[in-house]
Amino acid sequence: MKLILLTALWLCLSISVRCDDDSEEATVTEELDESAPENPEEIVYVSPTPKGHIYFAEHFDVPEEFEAKWVRSQAKKDGADEEIAKYDGKWAVEGLLKDGLKGDLGLVLKSKAKHAAISASLDRPFMFTNKPLIVQYDVTFQNGQECGGAYIKLLTQETGMRLSQFTDKTPYTIMFGPDKCGNDHKLHFIFQHKNPKDGSYSEKHAKKPSTRLDEYFKDGKPHLYTLMIHPDNTFDVSVDYKIVNKGTLLEDFSPPVNPPAEIDDPEDSKPDDWDEREKIADPDAKKPDDWDEDEPEQIPDADATKPDGWLDDEPEMIPDPSAEKPEDWDEDMDGTWEAPLINNPSCESAPGCGPWKAPMKANPKFKGKWRAPMIDNPNYRGRWRPRRIPNPDFFEDKHPFNMASIGAIGLELWSMSDNILFDNFIITDDKTVSEQWAAETFDLKRNLVDRDQAFGESIRRWMNRKENAFMVYGMYLSLPVTLYIWFLWRRVVEEKQDAARAALAKKTDDAVEDDEGAEEAVQNEEESEAVPQLEGDDEEVKDDDDDDADAKEGDEVEEVEEDAERLEDAPASEEPVVEKGTRRRVRKD
């Protein structure tokens, strides 16, 4: 096993050296391209401080400030079942699930298939005068999006506004942001336009962007959405600084801001004699006398002859002679059993089997059903249209930019996906302020995500270019596993060997180390008790003790020599034989 591990280490080192040698033989440019990517430095995030003309700014990095500023809706949705009418969707302030900046938090919609609404008042109302409106925030669909929106509503400034009762019926001035359901991907820009004649409001929807939007909903990355509306009635919508939609409030919305000056007269109707047919059948045309409508389109070929060898009496299909009726076939329940049909083997070498029929051919006399030719309609008066009259509801608003003032920002959503993160809201009238805000927030977040993905991609490309790089990496990862398995294997083997020794000792009654010591102590004690003390003077006793010690020492030497002879005579594979009672006490008479 040690040899296998050493061999694996040697292979890893040799292949690594080979990869390095190969890279050294490349050009300078290749060395720079193929060099192993270095781990990027950490991006430091600091909560931004709003500066400049700002009406609202929120980075969500301080949960206490969020709780004091934002209000969750306690209302119920009109027209919905009681079970789903409540705005009981859960909101939380937390960071990205992955690739998040340290200290960077956002507002996360935690629930799915629930109505959720939350809002906050602006620091000061935005009034549409002579400065542009810039609304900006970023969204991360961390789990993608199946069906639901991530748009915001800029709520209309009203006296006595109650944000705790924020619903889909709450008046808003602008709705902006992404929305998706199925394969329908949208980027809403809707504004409420006030009719100058009667004071009513109606929704105006911007034209659909020509850019594909599907990737923003499924790539799991943060995306920055920006809306700019200018006092000259122009607008532009951008995603990640790229303009995806632009136009004017007067021309690029449906329905249009200004109604048409003329409309169709609703009381006008088409005259009974109005003929809209441009062509008619020639009333003077007649069917020719030789036109036979009964002639078929195809007839049998009279010139065809039956091929030689045609088997008229052989059917094309015959019952399978090898088929057998199933044992569980019940004719009362299943009917009379019939063998399945197969191609007749006799027909394989013949031109055909069964009754011969002449092939069909086109009928030269076939003309079909006769129809009169079409001619210009002398009474044609064109397509009828009702007459035009002045539109009684006509008005002309040349400045739709002058919308209702904005007093709050809110999210009123329903989504089939959870963990949608909203962050870095800002409402301003200065483009420089919004760009600086994005540079201190979104740019850092997006750079981290892109960098981590680019780092992983560079490692993958580097390993693809390096010969045997995946093999080296795989062997490198397998070394700890191999060592761990080897350690477990050694421990199991040692436990089995110990168990085998113990079992052998019990089977042969051999004394183990601890048993030999205990047995010798007991035997010495018994012998010492069995020997009586000798009578006589002290010198005789002393002489006897000395003689006894000399005799014991000589006996032990003799015993050791006998044991050595037995070990030499015993086979090498057997355990040394330890005989009981080999120790003897010799007493001088």
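Think of each number as a place in line: the chain as shown, counted from 1.
Quick reminder: no glycine exception, Cβ is built from N, Cα and C everywhere.
If you check TrEMBL, you get these features:
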SIGNAL    1-19  signal peptide
DISULFID  Cys147-Cys181  disulfide bond
REGION    250-332  region 'Disordered'
COMPBIAS  268-289  compositional bias 'Basic and acidic residues'
COMPBIAS  290-300  compositional bias 'Acidic residues'
TRANSMEM  470-489  transmembrane segment
REGION    506-589  region 'Disordered'
COMPBIAS  511-566  compositional bias 'Acidic residues'
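Below 8 angstroms of C-beta separation, residues 370-377, 379-384, 386-387 of the same chain, each at least six residues beyond the ends of the compositional bias 'Basic and acidic residues' (268-289), sit close to that stretch. Secondary structure of the compositional bias 'Acidic residues' (290-300) per DSSP (helix as H, G, I; strand as E, B; remaining residues coil): 0 helix, 3 strand, 8 coil.
Helix, strand and coil content of the compositional bias 'Basic and acidic residues' (268-289), in residues and according to DSSP, is 0 helix, 3 strand, 19 coil. The Cβ neighbour count for Cys147 (disulfide bond), using a 10 Å radius and every protein chain shown, is 15. Cβ neighbours of Cys181 (disulfide bond) (same chain, under 8 Å, six or more residues apart in sequence): Glu146, Cys147, Gly148.
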